[in-house]
Amino acid sequence: MELNSLTAISPIDGRYSNSTKLLRNIFSEFGFLKYRLYVEIQWLKKLINMHQILEIKKVEKTDILFLDNIFETFNEEDAISVKNIEKETNHDVKALEYFLRKKLSQSKKLSPFLEFVHFLCTSEDINNIAYALMIKNARDEIILPLWKKIINFLKNASFQYRNNSLLSLTHGQPATPSTMGKEMVNFYYRMQRQYHKLKKIEILGKINGTTGNYNAHLVAYPKVNWHAVSKEFITSLGIFWNPYTTQIEPHDYIAELFGCVSLFNNILIDSNRDIWGYISLNYFKQKLIDQEIGSSIMPHKINPIDFENSEGNLGLSNALMNHMINKLPISRWQRDLSDSTVLRNIGVVFAYSIIAYNSVLLGTNKLTINTSQLLKNLDNNWSVLSEAIQTVMRRYTIENAYEKLKKLTRGKKIEKVDIHKFIDKLNIPKIEKERLKKISPSNYIGAASQIIDEIK
């Protein structure tokens, strides 16, 4: 059976392939091979440019272009060649080395230097840098832009709905009113913090040999400062240098990065559930799309499926991330291989998150505010003004203010007239009575509208 979106086992490459196809060039087996090939070539170029390595004679610019072209033209046919070599070697990085050596043998100028391909490197020197570049590209080119779209929706919604008063619910029960805009800005602020944090996380790489001590390096070229060379090479690739490692880069930065992503995802789950609830309360309506069907038997249904889909995929992504956060920083002695199979699933982690982000963006585009329902719920809950009244009473030292409002309102259906009768009987200045009577559930929103102006 040919592999396609219908025959794929995982919905990542099946049902949701349109959302995840951007990841294929990064995290597929082809993508991983190409990133590793890039690292091998860049390291060879670094060695070529080192004047201390006398065995490499002068190389012309055209020869460097030949090297670069091997990477730039790397295609699926080349990847299949590497995999065929791997069938014999049973070692993926060595197979890639042999592939590159074969390519270089076609160059008269470069063929004398075949032994400098993968020179001084353990497989992890290549792999860890490849993963670092893959993660960096996924973060910068895919994840952060999607986060920005979600954050921008929340920011725009904060201003758009800043004056739409909302009956708050604490413990699921009526509470002091807010505005829909203020509720959106709460999520905006939380997600914005994680956005800036993710941008700043240092993605690390190492190239220091079998156990991190440059043993082979110093045997071959004892006068070279390989520690400095390592730093120069790593930072030239646009990532940060880890100077102290075992055979592997310890993956702490991956755990840190996934901690940030999983927290963002949890905030988004919180937002999804709140918006889902507001749809259920009819505070938000969903735009009707004639061709769509909400239920196979109930024709009237318009379900909040985008927010539900997002929540489910965020949960899957977080479950895998939490395993990686706990697993990846731990390796026996100078290394064991248990991280290898886990690292190959980094693309899966990002894929589930990306499916969720795209889904929630679909959902937010269908939302319209239902002002009449918001006001109706507020007008049915005059008891929420008990907080304001008892606070003013306490200001004027009226004894048992809280208890008196509790007796009036708790567990009872209170109307506007009941509140005003109670205010009339209070022993407070007339001007305060008039001020209290001007308060209603829809305008008792504190500074909810104003503080939105402070967001950036």
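Note that Cβ sites are derived from N, Cα and C of the backbone, with glycine treated the same way.
According to its DSSP assignment, ARG15 (N(6)-(1,2-dicarboxyethyl)-AMP binding site) is coil. Counting only same-chain residues six or more apart in sequence, the Cβ atoms lying under 8 angstroms from the Cβ of ARG15 (N(6)-(1,2-dicarboxyethyl)-AMP binding site) belong to SER5. The N(6)-(1,2-dicarboxyethyl)-AMP binding site annotation in Swiss-Prot covers 15-16, 90-92, 122-123, GLN247, SER296, 301-303, ASN309, ARG335, 340-344 and rests on similarity to another entry.
As annotated by Swiss-Prot, active site, proton donor/acceptor applies to HIS171 (among others), with the evidence given as similarity to another entry. If you take the C-beta of HIS171 (active site, proton donor/acceptor) and look for same-chain residues 6 or more apart in sequence within under 8 angstroms, you find none.
If you look up Swiss-Prot, you'll see SER295 (among others) marked as active site, proton donor/acceptor.
Secondary structure at HIS171 (active site, proton donor/acceptor), taken from DSSP and collapsed to helix, strand or coil, is coil. All chains included, 19 other C-beta atoms sit within 10 angstroms of the C-beta of SER123 (N(6)-(1,2-dicarboxyethyl)-AMP binding site).
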